[in-house]
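Input: a single structure, listed below in structure tokens.
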Amino acid sequence: MRLPKGIYGITDDSYNVKNHVDAAKVFLEGGVRIIQYRRKEGSIRQMLNEAKEIRKLCNQYGAVMIVDDRVDIAVLSDADGVHVGLEDAPVDEVKRRFSGIIIGASASTVDEAKEGEKAGADYLGAGSIFPSPTKPDYRILGLEGLRRVVQSVSIPVYAIGGVTLESIPAIKATGAWGAAVISGILAAKDPLEMAKRFVKAWDEA
């Protein structure tokens, strides 16, 4: 499955949306075509119910659905893939046990990017590019660091961390496949309108 270029929406329920499903709907209606369901707390039943709802929405819009961390939820909800962080399940083990699903890996250095690709990741989330309210303790990679990561691997790289509307042209100029956004869209007064603006900014950059 070809990964969509451009804006990569990550769900959250702590901003100007009702819940994770509503966040996914905002992204999709705004033109985003890859969605990550990212819930850190909650029961398996709750996560699975939300994931299945998001799966239905993604099907309606022809979008790719990724689940953060939880391989079990990804498989049970029929998601297209799973994103595993540096502290999560090893990429190669997930790849071996669940062939056929998209696997994303996190990277904050060139070495981590190369390791992720070697382990079998289908794409990378590289960052934090800028200081981020979602991940305040993360190492800052910066635009030049992002460029080095992009040049060090042959798989798609999505920039993540502190991405703003104004930073989209500079991120695209590094050769990144796309940019992951959470608060930049969901914390806006009008998240749907902001999603549309992010998508347009990428397309026109």
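Glycine is no exception: its Cβ is also placed from the backbone N, Cα and C atoms.
Annotated features in Swiss-Prot:
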- Gln36, Tyr37, Arg38, Arg39, Lys40, Asp68, Ser106, Lys135: 4-amino-2-methyl-5-(diphosphooxymethyl)pyrimidine binding site (BINDING)
- Asp69, Asp88: Mg(2+) binding site (BINDING)
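Long-range Cβ neighbours of Lys40 (4-amino-2-methyl-5-(diphosphooxymethyl)pyrimidine binding site) (same chain, at least 6 residues apart, Cβ-Cβ under 8 Å): Asp69. Of the listed binding-site residues Gln36, Ser106, the Cβ environment within 10 Å is emptiest of other Cβ atoms at Ser106. Ser106 (4-amino-2-methyl-5-(diphosphooxymethyl)pyrimidine binding site) falls within a strand when secondary structure is assigned with DSSP. When the binding-site residues Tyr37, Arg39, Asp68, Asp88 are compared by the number of other C-beta atoms lying within 10 angstroms of their own C-beta, Asp88 comes out lowest. Taking only the Cα positions, the spacing between Asp68 (4-amino-2-methyl-5-(diphosphooxymethyl)pyrimidine binding site) and Asp88 (Mg(2+) binding site) is 10 angstrom. Between the C-alpha atoms of Asp88 (Mg(2+) binding site) and Ser106 (4-amino-2-methyl-5-(diphosphooxymethyl)pyrimidine binding site), the distance comes to 10 Å. Minimal Cβ crowding within 10 Å, among the binding-site residues Arg38, Asp69, is found at Asp69. According to its DSSP assignment, Arg38 (4-amino-2-methyl-5-(diphosphooxymethyl)pyrimidine binding site) is coil. Secondary structure at Asp88 (Mg(2+) binding site), taken from DSSP and collapsed to helix, strand or coil, is coil.
DSSP gives Asp69 (Mg(2+) binding site) a coil state; it is part of no helix or strand.
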